[in-house]
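Copied over from TrEMBL:
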TRANSMEM  21-42  transmembrane segment
DOMAIN    47-134  domain 'Polysaccharide export protein N-terminal'
DOMAIN    140-170  domain 'Soluble ligand binding'
DOMAIN    188-373  domain 'AprE-like long alpha-helical hairpin'
COILED    253-287  coiled coil
COILED    326-375  coiled coil
Amino acid sequence: MADSVAIVVGQSMMGLRFTGSICLIARTILTAAIVILAFAVFPVPSQADDAYRLAPYTRVRLTVVEWVASRGEYREWTALNGEYAISESGTVLLPLVGTIEVSAMDTATMATEVAKRIQKTTGLVAMPNVAVQIVEYPPVFLVGNVDRPGEYRFRPGLTVLQAVALAGGRYRPREEARTVEQIQYLGELQAVHGEMVRTLARIARLKAEVAGEKEIQFPDNLTEMADSASIDAIFAEERAVFAAQSNGVDRQLENLEALRKLFADEIEVLQEKVTGQEKQIKLMDEELEAVKPLVERGIATTSRQSELQRIITALQSDRLDQVTAIMRARQNISQASRDSQNLISQRQTTASTELQTAQAALDQLKVRQETAQRLLVAAGSIIAGQKLGEKQEPDLAFTIVRKTDGLPVEMAADEDTVLVPGDVLRASLNVKFSGRTTASATPASPSQSTKGVAVALPIPAAASIGEQQNKNTQ
């Protein structure tokens, strides 16, 4: 501002040398003083204003003065002076000048452009002096896990931490409601945890059944998820079910094996009978061949020959029945073998189906556990790697949504990040799970460090706690 005033006073002194009038000196000095006061009221844009590209919804104050050399004084353009708002399209409408596209300009560039247009429109010999000052920046918006989310006035140099302070800091529910919510969510979490332990034990048993193992191999970390009495009881139940399933299948397999042996013995007996019948048939054939010449010579009767033929036919029929019985017994043996294989396959298929169902149930339990855990965190108790009674609070994770080239761009931020006008700042609880840190809007794995409360398992995505709280409180 001092430089601008120096220029104005220098121009005044040049006018004095030409006029040589003492009255003009006094009047010029008085006019210069008025201009100084005007620029004191409407200061010259600061370096921060110059660096800032004028965005929609920015309010600027315009001051225009002209040096009238013939009169030796400055004249203020009251028709142009005043405050103006930049439209959503990045333009500003000024009297005499018209519409100016200022979205890519800073205050200095806008002042120069306005001066050029005034000179062109009015036909001035020299450009008038124009000052542009930012009166109000576009606001910043805070959402998520803050006490008072909403719109806040921007000032240059505003940091994330300062913006959170304007919004009342992190969100904290009322203590009375918090205690009740903690009890509800902790009860839900403990119930889910018990179901998860049982489901994991069931999955271990079903895997053993599918693989045809002789015993169940329970995961080592299951013993860390509950007290020894509960774990022993769960293991005993699953071992009892496994033994019952195995014994039932084994008994059926033994019965089928006994049936196969019975049919095999039957085949052996039938085979002996067939062998005996073949010998009898052979003897009857020999006797028939011996009788035929006697019948031809009339020594033996025809009835004797016919009787032998009937006996041979009966023996052959019996032999055929025995062979058919042998084939039927062999078919029964094959059927018993197939039944044995089907029994084993059916057990594996049933176990596989139950395993898929158990895995799906485990996934649902993970979602319920994650939801209950995050709700418990939001209610004021930190159980991710902490016990319920501990008072450690999670940090806030910050994300900025900023318009770049007309498109929203999301970027990570910390407490010292400097905001720009129009930024949307999202604050989320930064919860630690299983040694890694995630924001509340990001899926994470719950810790297994608290028995009966949290389990180290991969968790699918869950909704942001901070955003959900704001929906509930607004």
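Cβ coordinates come from backbone N, Cα and C, glycine included.
Automated prediction, rather than curation, is the source of TrEMBL annotations.
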PLDDT averaged over the residues of the coiled coil (253-287): 83
For the coiled coil (253-287), sequence-distant contacts whose Cβ falls under 8 Å of one of its Cβ atoms, 6 or more beyond its ends: 308, 311-312, 315-316, 318-319, 322-323, 325-326, 329-330, 332-333, 336-337, 339-340, 343-344
For the domain 'Soluble ligand binding' (140-170), the number of residues DSSP places in helix, strand and coil: 7 helix, 11 strand, 13 coil
The domain 'Polysaccharide export protein N-terminal' (47-134): DSSP-derived helix, strand, coil residue counts: 21 helix, 32 strand, 35 coil
